[in-house]
Each structure stands twice: as C-alpha cells, then as structure tokens.
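**Q** From TrEMBL, here are the annotated features:
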type     : residues                 : note
ACT_SITE : A:64                     : active site, proton acceptor
BINDING  : A:60, A:62, A:140, A:210 : Zn(2+) 1 binding site
BINDING  : A:64, A:65, A:210, A:268 : Zn(2+) 2 binding site
C-alpha cells in the first residue's frame, strides 16, 4: 500500500502549496482521492500514469478538493482515454461536470460513471475481489464523506510440506487457499488450519477530510493501519474549529487514539502556519505514531 | 501598456506549460484575459496583485481558457475581496459559475457581475474615460470572441509658451486640453491647434484566440499596435486547422500583414512542437515584427 500526497494544504493553491489530492495504490488499484485545482499537473510531476486511475473519490464540493476534477476529465479525453472512469462524490457532481462539458461542446470518449452519494451512514461504494471502499460520514459545512479503503482477507498460504504429507489431491489446493477443509486421497477430512497458514494481513487506509471533531467515526475506522485526519488548526486556534468545521492536530490525534490506528497522517494545514512541526508535536502529546503530510511525499505501508 | 503572459500553451496544463491566460496593464487597468487552470498560481508567481484585477475577459468556454476562473473567484472571496468583479464571456458562464458556488454552499462577499456575450458582431463591452474594449468575433468550435483593448485619444498637451502669448485665461486650459477652440482675454477666438499639440498616441492591443484563419477580423484590428494571434500549428500540420478550427503561424502572420499591425505575438502552441523558433521563422516569411509568447514573459509597448 503506497500513498502519494499530491497536495495537502487548505483553502487555495499557492506557488509552493497544493490543495488536497492523494493517490492510494492498493492491490493494483490507483485510487485518486480528492482533486484540487492543479491536480493533473501534480500527477504529471509525480509521474503517475493517468490510465491507471479508474476511480476518483471526492469528499466534498469545496474548491480545494474538487476544482481540478473537470480539467482532469477533459485531459483524459484529449489523451484519448478509453477506460471507464468512476467518480464517487456528493450529489450535484454529475450535473456540474456535465454542464461544463456541454458548455465546451465536449464529451468524453470513455464512459464517465458517476456514483452520487447522499447517505449520512457509512456505505459500501466500491468492491471487487480484493478491495472494499466505504464512506465515512464527516461533519463539515457541506455534505462530506471520508473514505475507508480496505483490503479483503487474502488467500491462505499452503504449507506445502504438510499438504503433501496429508496426501491431498492437487485439484483441492485452490479450495485450501480459500479456507475450506478438504477430503484427502484416503477419504479422510483434513482441517484447513492443519495444512495452511494465514495470508498477508490485509491493509486499510482511512481518509478523513474535511471535518470537525467527530467521535462517531471511531467505530468505522477502528484499527485501520493508516488514518489521514485533517488538522487545519493548532489548539491555539481551536475556537475556529466549530465555526469553520475543521479540526486541530490534537483532535485528530484524539480520534487516532480512540480508534487505535497504526499511524496518523496529518494534513490540510491552514496556510497561516509556517512551521508544520508544531502540528506533529501537538498531536504526539496524545498519540505516538504521527507523520506529517507534505506535497510530493510518499508513504509505503 | 504592459502584457504579462501567464500561460500560452494549448490543450492541457503541464509541469512546465500553462494554458492560456494573460494580464494586460493599460492606463491603470489590470485586465485578465482568459483563465486556464492554475491561473491563480501564475498570478501569485508573477506577483500580480489580485485586488487590481477588476475585469476578466473569457474568450470561450474550453477548459484551457476557462477552468481556472472558478478557483480565482473563490480565492478572491477567501482573501476577503470587496471590490466589484466584472466577468465578460459567453452565455452560460454565469450559470455554471453560480452552480459551482452553490454546490460549495458558498458565495462571494463582493459583487460578481457577469456580462454574457452572444453577438456575432463586434461590440463595445467596456468603456471608461480612457479605455474601450470591443469583442472580436472569432471562428472556433464553440462561440468565441477575441478582445480589442483601445486607449482613447488622450488629452492634448498645452504648448505653454504659445498659450501664454495668446493671452488665454487659465480657466480655459482644460477646454484646450480637451481639444476645443477658446476665446482669449481680448475676445479673439484662438484655434486649438495653434496652442496645443497631440497627446500621447493611444495604444491598442488585440487578443485573438482561439480561431481558424478569419479575414473578417482584419477591419476590426486594423493598425493595432500589438496583435496576439493564436498559432496552434505550423504549416506542415495546416490540414488540422479547419478540423480543430485553429490557425498556423503563417496564417497568423497573414492576418497581421493584412491588418498592418505593429507587432505580432504568437502563442497557443500545440505541445507537439519542441522548438518554438519554427513558429517565428514561419511567421516572418510573411510579416517582419514577430515575437514569441512564453509563459512568464512580459512585453512593454
């Protein structure tokens, strides 16, 4: 699981600061999460192949998470993309995208498939054999979802020596990796656990931006390997949180602690702060494993 | 008159190439012309004060000329702008902008005034004491206008020695600079030209992008000091012109020659070309005074 931070600042893109966008590489998927203005240039800068992006998740329709989407969709067309593109985001995302394409007398030469979100409860929005994506309802000024990306339990690994000793026909090996007990050549039932071991531990990543402190999300993100939680402010500006519906670094760390996550990533910093280390210091008073997002940084988990 | 090229490439923004946007400084105005994605970052990069931009002219609603507008409007709000902002562009520009603001549950804390254009004839769209702006109807895949920026004839300059010799009351000096004849202290009519001289020659700039070769524009842009004319292609790709409704460098130069302009600026290059000098060489076979736009380049005229 690899995460590339294309942008992690709030409000407006600047010469050296990009607004929110991330690429999560998990189990051969390249999921694009949020798409602030300039995301397509950030993708080029980090040499991420446009064609590998098949699913885009938009948390909410504020510009710093969304204004780069129409440009990316248009560029995909100019690059003669053919693969389907799925877009998950709040209701309205389809209408405004199509209006912009129509005004340009343009359309896509690939299927553009919108999955408009309206629920206030966590729901499964994507699933294949290996990965599931759930929404994480957040509390922001407009309808907003975070997203939880979870690998499914992988196949069990055969203990080849034990399998051979147990005299099991090769035709049953697939059943074994799928976790079933099987009958051996002698007609005896062989318990799965006696000849297999657990596969790789499935990874999980929760993206939570933008939101004010919301403990309701803790059960949804419980025990994830990595939690990105916005931290727009430091505690000294905590009074701005409820008004703007953003969080502080300390609040992000409190959520991380309650959910017992592996690592907390901070981002969505207000541009009023020059020294990002203060965010890390503040969060680490509550929770140990904290990392700071920075534009262009990659994390391998 | 100073022109700053924020972006001059066609199609999509790239790591080193920005799409169309220019700032024209003329007679204390800062006119923003087109607004591709990332324009707000280019404005910051070139240290152009956001507050000085009061009028934005959008030629057409293709993304490479337009997708940066909503971000700029939003950023103006975040920067607590109060001054009115006038936007001139094709019909539809208001609806799509307002829809995006509504989806973000946002609005502007300044007046956002749309001037939607629908005419196929050149029309006056802005005028104050010193400057006029006219549309230049172009021929592109969607409804498109170029813009002609013209200083008005300035005040005449007093020839102070002559004025004093002519025994004219100071109260009439303003009338003289405005070009009127006046009566002197002795009751004699004094011809304006005998005591004044012409003011500074008014400057003019014509912006023509995007368009295929269109001779109809020649009377509108006749004798302008500076013509920006798109040159997406070189002649070797001239066959793409009618299909995509773009021009070649040679066609741009032919328009410049027919209109007898002072200087021709080329831009909107297709990213298929590595060497921009070929554009200049091709144009100069037809017209001498050719300059190449490049991102970040400024021209003082």
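Cβ from N, Cα, C; glycine included.
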**Q** Measuring CB to CB from residue A:60 (Zn(2+) 1 binding site), give everything in the same chain under 8 Å that is also at least six residues away in sequence.
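**A** Spatial neighbours, sequence-distant, of residue A:60 (Zn(2+) 1 binding site): A:66, A:89, A:90, A:140, A:142, A:143, A:144, A:145, A:210.
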**Q** I need the most crowded of these binding-site residues: A:62, A:65, A:140. Count other C-beta atoms within 10 angstroms of each C-beta and give me the top one.
**A** A:65
**Q** Listed in sequence order, which of the binding-site residues A:62, A:65, A:140, A:210 sit with a CB under 8 A of chain B?
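**A** Listed in sequence order, the binding-site residues near chain B are A:62.
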**Q** Apart from A:60, A:62, A:140, A:210, which residues in this chain have a Cβ no more than 8 Å from the mean position of the Cβ atoms of those residues at the Zn(2+) 1 site?
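**A** Residues close to the Zn(2+) 1 site, other than A:60, A:62, A:140, A:210: A:59, A:61, A:65, A:138, A:141, A:142, A:144, A:209, A:211, A:245.
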**Q** For A:64, A:210, listed as recorded positions, tell me which one has the smallest number of other Cβ atoms within 10 Å.
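**A** Least crowded of the recorded positions A:64, A:210, by Cβ count within 10 Å, is A:210.
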**Q** So what sits near residue A:268 (Zn(2+) 2 binding site) in its own chain, CB-to-CB under 8 Å and at least six residues off in sequence?
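**A** Correct list: A:8, A:9, A:10, A:20, A:209, A:210, A:230, A:231, A:232, A:246.
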**Q** In which DSSP state, out of helix, strand and coil, do we find residue A:60 (Zn(2+) 1 binding site)?
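**A** Once the DSSP labels are grouped into three classes, residue A:60 (Zn(2+) 1 binding site) ends up as coil.
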